[in-house]
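Worksheet: the structure to be examined is printed underneath.
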């Protein structure tokens, strides 16, 4: 241990002292998680993406599945030439496919940037503004709820109990006259 350098039991060199359970920068999370049957935390930034199934949560199942048959249909008795129908199908499908790719290439990254900033702002506001305001409100309202509870038990409970006793002896007899 010379020059502010520390060595752990496995021979690794550190610039900060190592505690038995790990330091705050490099805790023994994996070993501790195995012992305590806890989940390991994975970094969201290093997560691999699936290039085949790009909608694993099926967000756009009912919205964007627009095929040729969903847009253009010829009823019985009103058919165009078969060649025209096939060419229309091919034109529609290829145009939709390549125009989507063109729009994605031009606007995909800027839109991802905009939505990333937007959801970062939403997350920031939720974490640093909304939740603390709600917690603060709940703490402050607790005092008011105690005063309100005392008021109800002191004034309202006896009043409504007395009114209930007054009307408890009221009997209604309904008869049907012919």
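From the backbone N, Cα and C atoms, a Cβ is placed for every residue, glycine too.
For 5 (among others), the entry in Swiss-Prot reads ubiquitin cross-link.
Swiss-Prot lists 26 (among others) with the feature ubiquitin cross-link.
Annotation source Swiss-Prot lists ubiquitin cross-link at 30 (among others), citing similarity to another entry.
Marked as ubiquitin cross-link by Swiss-Prot: 39 (among others).
Long-range Cβ proximity for residue 47 (ubiquitin cross-link), meaning a same-chain Cβ under 8 A and a gap of 6 or more residues, is found for none. According to DSSP, residue 47 (ubiquitin cross-link) sits in a coil region rather than a helix or strand. Under the heading ubiquitin cross-link, Swiss-Prot lists 47 (among others), citing similarity to another entry as support.
According to DSSP, residue 57 (ubiquitin cross-link) sits in a coil region rather than a helix or strand. Taken from Swiss-Prot, the feature ubiquitin cross-link applies to 57 (among others).
Residues or ranges marked as intramembrane segment in Swiss-Prot: 105-125.
Feature annotation from Swiss-Prot assigns S-palmitoyl cysteine to 133 (among others). In sequence order, the list of same-chain residues 6 or more apart from residue 133 (S-palmitoyl cysteine) whose Cβ falls under 8 Å from its Cβ is empty.
Taken from Swiss-Prot, the feature S-palmitoyl cysteine applies to 143 (among others). Sequence-distant contacts of residue 143 (S-palmitoyl cysteine), defined as residues of its own chain at least six apart whose C-beta falls under 8 angstroms from its C-beta, are absent.
Mapped onto three states, the DSSP output places residue 156 (S-palmitoyl cysteine) in helix. Per Swiss-Prot, the feature S-palmitoyl cysteine maps to 156 (among others).
Per Swiss-Prot, N6-acetyllysine is recorded for 5.
Same-chain residues lying 6+ beyond the ends of the region 'Interaction with CAVIN3' (82-94) with a Cβ under 8 Å from its Cβ atoms: 67-68, 71-72, 74. For 82-94, the entry in Swiss-Prot reads region 'Interaction with CAVIN3', with the evidence type similarity to another entry.
The annotation region 'Interacts with SPRY1, SPRY2, SPRY3 and SPRY4' is assigned in Swiss-Prot to 131-142 (among others) on the grounds of similarity to another entry. Outside the region 'Interacts with SPRY1, SPRY2, SPRY3 and SPRY4' (131-142) by six or more residues, the chain places nothing with a CB less than 8 A from a CB of the stretch.
The annotation region 'Interacts with SPRY1, SPRY2, and SPRY4' is assigned in Swiss-Prot to 149-160 on the grounds of similarity to another entry.
According to Swiss-Prot, the feature region 'Interacts with SPRY1, SPRY2, SPRY3 and SPRY4' maps to 167-178 (among others).
The topological domain 'Cytoplasmic' annotation in Swiss-Prot covers 2-104 (among others).
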Candidates 57, 156: member of the recorded positions with the richest Cβ shell (10 Å): 156
Local confidence of the topological domain 'Cytoplasmic' (126-178) - pLDDT mean: 92
Chain residues outside the region 'Interacts with SPRY1, SPRY2, and SPRY4' (149-160) and at least six past its termini with a C-beta under 8 angstroms from it: none
For the region 'Interacts with SPRY1, SPRY2, SPRY3 and SPRY4' (167-178), the number of residues DSSP places in helix, strand and coil: 2 helix, 0 strand, 10 coil
